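Structure record follows, encoded as structure tokens.
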Amino acid sequence: MPVESGSSSAARQVKQKRKSHSLSIRRTNSTEQDRLGLQRDILEGQDSKLPPSLRSNLLDLFSQIEREFENLYLENIELRREIETLNERLAAEGHTFDGADLAKGALKTKASHSTSQLSQKLKTTYKASTSKIVSSFKATAARAVCQLVKEYVGHRDGIWDLSVTRNQPVVLGTASADHTAMLWSIETGKCLLRYTGHQGSASGDQTAHIWRYMVQLPTPQPVADVSVSFSKTLVFFYVLYKLLVFSIVLHRDLSKTPCEDDVDFSDKDEPDCEVEGPIDCPSIRVATTTLRSHQGVVIAADWLVGGRQVVTASWDRSANLYDVETSELVHSLTGHDQELTHCCTHPTQRLVVTSSRDTTFRLWDFRDPSIHSVNVFQGHTDTVTSAVFTVGDNVVSGSDDRTVKVWDLKNMRSPIATIRTDSAVNRISVSVNQKIIALPHDNRQVRLFDMSGVRLARLPRSNRQGHRRMVCCSIWCEDNSTCNLFTCGFDRQAIGWNINIPALLQEK
């Protein structure tokens with residue numbers, strides 16, 4: 001008859017102990033749940049000056065804390081029992097050796113190793129649990145308020161770009177793949193003017209137009225030549241729809257992984273906004289100034305500080321600097337290896353930043369008339385969709401590699417902050433007053449981050465509100481109390497938002 005060895009017997013005892021302890025843990029958990037429910041009912045019945053929603057959240061958080069520590073306590077007991085069983089087995093096996101010191105040494109080594117593992121596991125579990133609880137508490141204490149205020153519907157194709165005037169009166173401008181540009185009243189959502197002066201071919205008309213017009217705002221204000229100030233902000237351009245789809249959609253890896261907190265988990269595009277009948281607003285066809293010289297589609301434009309020069313970016317891999325009064329080409333900024341995607345000027349200095357599909361963005365310095373320096377930055381692994389200046393000494397770049405990076409102009413060897421997202425990032429913008437970055441995404445979402453890379457909010461999006469297709473561009477408007485952020489996309493509409501970020505949330 002076979003005789004069971006000492007080690008086999010010890011192993012069987014360990015299994016039996018584990019099984020019985022597992023059953024006791026289940027019974028304990030059930031009992032604890034009943035006890036916690038009873039305590040919660042007692043606490044909720046007590047008087048409190050806290051709002052019911054806040055008090056409920058606090059009770060949930062404290063319950064989570066208690067459950068986490070109970071689980072740690074039970075796990076600690078289980079590990080201690082395993083250590084004791086291991087010590088007993090090692091002590092029993094140590095009798096077979098002649099030297100007692102050898103058994104003691106092995107026992108101490110095993111016990112020390114098990115204790116170290118226990119300590120490390122407790123630290124890791126405690127750190128992860130407390131981090132989750134603290135994050136939940138911060139989210140409860142302060143929440144960003146993002147409210148959709150107005151929808152600007154009238155274009156018959158996707159809206160590629162938008163901008164606002166930098167001085168009073170504040171007017172919204174949009175440029176679309178339907179060959180038109182429009183001016184809008186921010187308060188009423190009414191179209192004030194349509195520009196139809198671009199003529200396109202298979203590659204676009206390769207020009208940028210400057211035009212002026214007097215518009216009467218629907219609000220009771222004196223008539224002003226808003227086109228003069230507006231021309232200092234906007235240079236509208238035409239891009240044929242098929243080429244837009246070719247360059248923007250087909251050349252991008254559209255995200256198919258929605259964020260965990262997205263309301264709508266479907267990547268299927270929803271129906272566009274339908275435009276019923278002609279838009280009742282005046283239109284003009286003739287440009288005041290036409291800027292030529294590009295050999296490809298003009299994809300972006302911006303005014304240099306002072307308003308006497310304008311810079312344009314094109315698919316011909318170059319950016320051009322023009323004199324507005326004479327329409328003459330002052331400088332051709334060449335060096336990019338592939339098509340340009342965006343250009344931006346510094347609000348107070350003669351600096352220009354251009355971005356390209358060659359995964360780089362370039363900083364052009366025109367502060368010294370005799371020296372025009374350029375610096376190349378290779379911080380992304382895919383198309384740089386945009387790079388913009390802030391009021392301070394920072395540059396923020398976004399890319400199809402699903403990252404946004406914040407750079408310091410004084411030391412641009414490496415970014416000071418990196419934001420990682422789940423979808424390609426399009427034309428970003430930075431709030432002057434609040435220093436908040438708005439990120440429009442290919443997956444129809446718009447997210448807000450601070451300059452240190454901390455996520456603040458996500459604009460609401462569902463079947464009833466928000467964008468239904470790719471969001472192309474965002475722009476902040478600091479001088480309007482109704483809407484302070486605007487976005488546009490391939491769903492043919494621009495949206496005005498009211499964003500309120502509590503100071504506590506920005507400082508966390």
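The backbone N, Cα and C atoms fix where each Cβ goes, glycine too.
When TrEMBL is compared with the stretches 62-89, 90-117, 370-397, 398-425, the one noted as coiled coil is 62-89. Counting residue by residue with DSSP, the repeat 'WD' (333-374) contains 0 helix, 26 strand, 16 coil. Remote same-chain residues near the repeat 'WD' (333-374) are listed as 247, 251, 296, 299-305, 311-321, 380-389, 391, 395, 397, 399, 401, 409, 412, 427 (criterion: CB distance under 8 Å, separation of at least six residues from the stretch ends).
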